[in-house]
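**Student:** One structure, as structure tokens, below. Some questions next.
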């Protein structure tokens with residue numbers, strides 16, 4: 001096997017450092033947690049699988065193909081915006097997050113307030129859905145896409161923004177805290193609505209690319225492909241990857257939320273009447 | 001005296017000057033700030049090693065291709081040639097097309113020399129070993145790839161179909177996409193040559 005395929009095509013020290021910090025942070029917290037609170041082996045596996053997939057599409061030979069083939073670029077964003085963050089969110093890293101939150105939050109001091117405000121704003125359901133679908137549209141807007149593939153800096157901004165937004169959105173959807181217990185946790189119905197809300201525009205965009213007779217993303221023609229492949233095929237497969245897998249992710253997400261809602265079914269809390277309060 | 005009125009007029013004039021100051025519009029895609037400046041060390045068709053700075057002061061048109069290219073390369077080079085010939089005569093000498101072959105296996109410097117002289121006296125044929133070519137292509141966010149060779153040893157090469165335009169200082173300025181007409185290229189190159197001289 002040729003091991004050089006595991007080396008980054010475009011080495012980004014900041015990216016490697018960020019991944020190392022997250023992996024190290026997970027391991028340190030895991031070892032420090034009491035046995036009862038530690039995530040089980042399946043959850044640890046899911047977390048590192050998600051993290052590893054995202055790293056692989058950013059810092060191995062895969063990134064080379066993603067830069068010069070439209071359909072592989074779509075595969076890269078499918079992992080950065082969907083699959084990787086979904087695995088990380090489903091692995092429920094809440095104990096790890098709590099561990100670090102308890103240690104870091106007091107250190108932040110006055111910074112904690114704007115940070116919390118920014119996080120809460122980004123996690124407003126409508127803003128989160130708009131950002132999630134909007135970023136897909138933004139980076140696939142043909143003139144923007146052209147610039148992003150030409151400029152190294154913009155390319156990094158694009159990939160990082162997709163990953164961070166993916167993490168925020170899927171964490172909002174798969175937050176393991178029950179909305180019955182935690183008022184900040186989004187209700188199950190709203191989560192399902194959000195998944196539909198982001199699914200539909202992605203399907204429209206994917207279908208538009210698939211059925212477009214013209215060349216929408218000529219940057220790959222202009223900049224040369226990784227191997228001689230017909231532009232129509234490249235665009236067609238890329239369009240399908242924008243259309244079907246994200247739609248499937250939305251449906252799988254809805255099924256997971258539905259099953260959680262059914263397991264978490266509790267009688268409605270009795271409305272507190274004046275009579276009840278005085279009793 | 002009330003100073004507000006003259007100040008407002010002056011401000012308005014400045015604002016308008018800002019709007020009309022850069023009245024340069026381009027047919028090609030502007031890439032200032034998107035791409036790095038021109039830097040390379042390659043082998044010229046006469047066997048000499050040359051650097052980007054050897055052509056300093058010239059508007060350089062960088063194109064990646066290969067001499068066995070059936071359609072895109074000859075068409076692009078011929079179009080560039082026509083576009084340059086249609087420029088005002090005194091400005092034509094300010095433009096140097098650089099044809100970089102990404103097929104060093106077949107394109108020896110001699111073969112490359114014959115090929116480029118067919119198009120234009122000013123065209124410079126350049127090549128290097130594959131790793132050096134990969135580095136240069138990566139710098140301009142492009143790539144190339146080779147198809148499987150047929151029984152006669154012929155193979156296709158995928159490469160960029162665009163021309164990268166650098167000004168006299170070596171700054172990236174324009175990207176000529178395949179869809180541009182000869183007239184549009186002439187107008188852009190003339191405008192760039194004039195602004196470089198000014």
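Backbone N, Cα and C atoms are what each Cβ position is placed from, and that goes for glycine too.
Bear in mind that the values here come from a model prediction, so they are computed numbers and not experimental data.
For reference, TrEMBL lists these features for the protein:
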type	residues	note
TRANSMEM	A:12-33	transmembrane segment
TRANSMEM	A:40-58	transmembrane segment
TRANSMEM	A:78-100	transmembrane segment
TRANSMEM	A:121-141	transmembrane segment
TRANSMEM	A:153-172	transmembrane segment
TRANSMEM	A:192-211	transmembrane segment
TRANSMEM	A:236-258	transmembrane segment
**Student:** Could you tell me what the rest of the chain brings near the transmembrane segment (A:121-141), counting residues at least six beyond its ends with Cβ under 8 Å?
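**Tutor:** 77, 81, 148, 158, 161-162, 165-166, 168-169, 172, 186, 190, 194, 197-198, 201-202, 205, 209, 242.
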**Student:** Same-chain Cβ contacts of the transmembrane segment (A:236-258) under 8 Å, 6 or more residues past its ends?
**Tutor:** 70-71, 73-75, 78, 81-83, 86, 90, 136, 140, 170, 173-174, 188, 191-192, 195-196, 198-199, 202-203, 205-212, 217
**Student:** For the transmembrane segment (A:153-172), could you work out the same-chain residues 6 or more beyond its ends whose Cβ comes under 8 Å from its Cβ atoms?
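**Tutor:** Here the qualifying positions are 12, 15, 54, 58, 67, 76-77, 80-82, 84-86, 88-89, 122-123, 125, 128-129, 131-132, 135, 139, 147, 186, 191, 194, 198, 253.
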**Student:** Could you tell me what the rest of the chain brings near the transmembrane segment (A:78-100), counting residues at least six beyond its ends with Cβ under 8 Å?
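**Tutor:** Same-chain contacts beyond the ends: 25-26, 29-30, 32-33, 37-39, 43-47, 49-51, 53-54, 57-58, 132, 135-136, 159, 162-163, 165-167, 169-171, 173-177, 241, 245-246, 249, 253, 256.
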